[in-house]
Amino acid sequence: MKSFGLCLFILVSSPCLLQANLSSDYYTKTCPEFEETLVQIVTDKQIAAPTTAVGTLRLFFHDCMVDGCDASILVASTPRKTSERDADINRSLPGDAFDVITRIKTAVELKCPNIVSCSDILVGATRSLISMVGGPRVNVKFGRKDSLVSDMNRVEGKLARPNMTMDHIISIFESSGLTVQEMVALVGAHTIGFSHCKEFASRIFNKSDQNGPVEMNPKYAAELRKLCANYTNDEQMSAFNDVFTPGKFDNMYYKNLKHGYGLLQSDHAIAFDNRTRSLVDLYAEDETAFFDAFAKAMEKVSEKNVKTGKLGEVRRRCDQYNDYKG
């Protein structure tokens with residue numbers, strides 16, 4: 001299985017918001033069937049491959065948190081240039097997520113060629129899939145252009161990892177213009193995620209503590225050790241971030257943290273740090289508060305550092321620039 005641990009992939013670049021020319025009805029006249037087509041394709045794909053929702057949400061974060069929502073993550077590497085897609089942290093991005101974007105783009109190009117950007121497709125698909133698995137409706141606007149650059153060297157240092165300290169994680173969020181409250185809400189996406197064993201093996205196979213970390217439920221730790229016993233020989237071995245309702249977008253992730261079911265080191269940190277604990281408690285008790293905060297934070301992320309006008313293009317193929325010569 002591919003890793004779907006969302007791991008707080010956070011932007012370090014300028015926090016300014018560029019919302020120029022974005023609107024909810026951007027394609028009403030130029031491609032009126034866009035949203036209907038998108039919803040039908042994501043519905044069919046999610047039914048056929050239930051991990052599509054979490055995979056696409058992860059793809060959204062890995063795109064938008066590195067220089068904005070500009071579909072740079074979709075560009076394939078060439079002999080001359082290694083793209084973001086092949087950065088170390090992106091190599092486990094799920095094929096189903098790329099596939100659903102390609103399917104939507106192909107269908108939309110047949111109806112209205114050279115109109116709808118790949119970045120708008122990714123944002124729209126993520127919104128629809130979150131709702132499909134029980135999550136809140138995220139208000140999104142359209143009008144983004146696709147990036148003219150995708151460079152793997154721009155990724156490192158902009159995406160946080162699960163073994164980082166809370167100080168480090170918070171500083172990354174703050175550098176991107178996101179508050180601690182928004183950070184805690186966005187991490188709730190772990191409610192439908194799962195992670196490779198290698199991402200939490202150091203917690204459960206600690207030689208100094210045979211029963212697992214003291215903050216982890218001992219029975220949970222024991223089950224994880226069984227599941228991941230062969231992880232060094234099978235890199236695809238994974239565990240759900242939310243062991244109780246892994247396919248449903250709800251507030252169970254936060255409830256789990258309060259009872260020792262946090263999978264990643266960053267999960268434990270966010271549950272007990274003085275700066276974040278009260279928010280974890282709030283979202284564990286009040287799912288409506290979590291949904292509202294998550295939707296607003298997602299909307300903010302989706303509109304950060306948007307490319308418009310000559311800063312981008314509408315790609316004919318999401319994995320290639322329009323001037324690609326081979």
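A Cβ is built for glycine as well, from the same backbone N, Cα and C atoms used for every other residue.
Note: Swiss-Prot links C69 through a disulfide bond to C64 (candidates: C31, C64).
Between C318 and the candidates C31, C112, C118, Swiss-Prot records a disulfide bond only with C118. What Swiss-Prot records for the Ca(2+) 2 site is D242, T245, D250, and among T191, T288, T308 the residue it adds there is T191.
Per Swiss-Prot, the cysteine from C112, C197, C228 that shares a disulfide bond with C31 is C112. Counting Cβ atoms from all protein chains shown, D70 (Ca(2+) 1 binding site) has 27 others lying within 10 Å of its own Cβ. Using a 10 Å Cα-Cα cut-off from D63 (Ca(2+) 1 binding site), the recorded positions that qualify among C69, T191, T245 are C69.
Excluding the listed site residues T191, D242, T245, D250, the same chain places I192, F244, P246, K248, F249, N251, M252, Y253 with Cβ atoms within 8 Å of the centre of the Ca(2+) 2 site Cβ atoms. Between the C-alpha atoms of G68 (Ca(2+) 1 binding site) and N274 (N-linked glycosylation site), the distance comes to 30 Å.
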